[in-house]
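Written below as structure tokens is the structure these notes are about.
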Amino acid sequence: MPNTPHTMNLYIKNIAQLVTCQGSEAKHGREAMGQIHTIEGPAAVVIRDGIIAFAGRMADVAPSMTEGCRELDATGRCVLPGFVDSHTHLVFGGYREDEFQWRLAGDSYMSIMERGGGIASTMRATRSESEDELKASARRHLSNMMKMGVTTVEAKSGYGMNLETELKQLRVVRDLQDEQPLDLYSTFMGAHDTAPEYKGRPTEFIEYLCREVLPEVVRQNLAECCDIFTEKGVFDHEQTRRMLTAAKEAGLSVKMHADEIVPFGGAELAAELGCLSADHLLRISDAGIKALAESNTVATLLPCTAFSLRADYAPARKMIDAGCAVALGSDLNPGSCFSASVPLMFALATLYMGMTVEEAITALTINGAAAIGRADTIGSIEPGKKGDLVVLQYPSYKFLSYHFGMNLVEHTVKGGRVVYTNS
């Protein structure tokens, strides 16, 4: 979406409470994650050419700093960094509302698969839909996320599991980057499951991805990262190592879906391979927690998925106390979690996962940024970083968990532009 210099210059004044989350790397453990660095008002933020030029006490703003800026009065309001959703399956075809009803009726995952549901259903729909159809659906989700204060979104492929459709999904992400305000981080996840053409032959499928799909993804510059579903019955450690090593050699960062269904040593492998993040972690072992705590790999937890599946939540409190850097993501997808609700993430993290509201804020800002390798440019409010902010309807960040389930966003600011206002 085109910007002019003027629209990217913004002076936010009279802020009741400014939450900066300052830092340029992931925050590990209870003490660091609990420090969100607030400035009580009146505070101000000045954004010039889309970049934060000042964040602090309003009395310290030099008049020359605000020349040519649009003014936004934040009297009685709290301002935070824009939220980073670091785990989504944004681009997909079709929906699985019938499958959700089957789950409510008690059907098992295997019985749903036998009825034609599960990931195979989404794969068939994604393969058949046009890029325009996929784009329209993804754009709608991004619009809803923007209204909840999200300013950066990670978006995976993985519902094609063949060359044509994986590239199609990633082209949709690329095109949407130019057609709407939010920043997108593109992840190639051809190894979401074994394609039906390779049923029972996961190692051969990984070789196909490494030999034919990954090189084309890289040649067309369609992804920054590569992800894989490492799980018993899906892809094992050897297959994961092969896929992610090939991706790293091709210049991509790497991530893993790990320890979601059973303890499988995924967290330990993610730390060993230098993954940006290990995600899900509902069944992480004590050894896995220790490995992540001693590494730079972010533990990205997805509470809405556990909620939707009526499963136990990831042990966030235990992980934070052990020294892990925890991020939160939505896991938006048409099957296990058809939601990207920021209010629900805050509620579940604080009420059911043992996190403080400060830790949840850290997890959705600077640690979310670290989970996609962008903590040096987003995730906090400080000079030199992108002007990505959320203005709440209330004077304190504590309302994010206290007034649970409600969208409290008054304005979303992306690169100095007000891209959403609650009217």
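Start at 1 and count along the chain as shown; that gives each residue its number.
Cβ coordinates are placed from backbone N, Cα and C, and glycine is handled just like the others.
Residues or ranges marked as Fe(3+) binding site in Swiss-Prot: H87, H89, H257, D331. For H87, H89, H257, D331, the entry in Swiss-Prot reads Zn(2+) binding site. What Swiss-Prot lists as 4-imidazolone-5-propanoate binding site is R96, Y159, H192, E260, S336, and the listing cites sequence analysis. What Swiss-Prot lists as N-formimidoyl-L-glutamate binding site is Y159, N333, G335, and the listing cites sequence analysis.
Swiss-Prot feature annotations superimposed on the structure.
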residue: H87; record: Fe(3+) binding site; CB count, 10 Å: 30
residue: H89; record: Fe(3+) binding site; CB count, 10 Å: 26
residue: R96; record: 4-imidazolone-5-propanoate binding site; CB count, 10 Å: 22
residue: H192; record: 4-imidazolone-5-propanoate binding site; CB count, 10 Å: 24
residue: H257; record: Fe(3+) binding site; CB count, 10 Å: 30
residue: E260; record: 4-imidazolone-5-propanoate binding site; CB count, 10 Å: 25
residue: D331; record: Fe(3+) binding site; CB count, 10 Å: 28
residue: N333; record: N-formimidoyl-L-glutamate binding site; CB count, 10 Å: 25
residue: G335; record: N-formimidoyl-L-glutamate binding site; CB count, 10 Å: 24
residue: S336; record: 4-imidazolone-5-propanoate binding site; CB count, 10 Å: 22
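Take Y159, N333, G335, the residues named in the record as contacts for N-formimidoyl-L-glutamate: the widest Cα to Cα gap among them comes to 12 Å.
When Cα-Cα distances from H89 (Fe(3+) binding site) are compared across the binding-site residues Y159, E260, N333, S336, the shortest belongs to N333.
Taking H257, D331, N333, G335 as the binding-site residues under consideration, the smallest Cα distance to R96 (4-imidazolone-5-propanoate binding site) is found for G335.
It is 15 Å from the Cα atom of G335 (N-formimidoyl-L-glutamate binding site) to that of H87 (Fe(3+) binding site). For Y159 (4-imidazolone-5-propanoate binding site), other Cβ atoms within 10 Å of its Cβ number 32.
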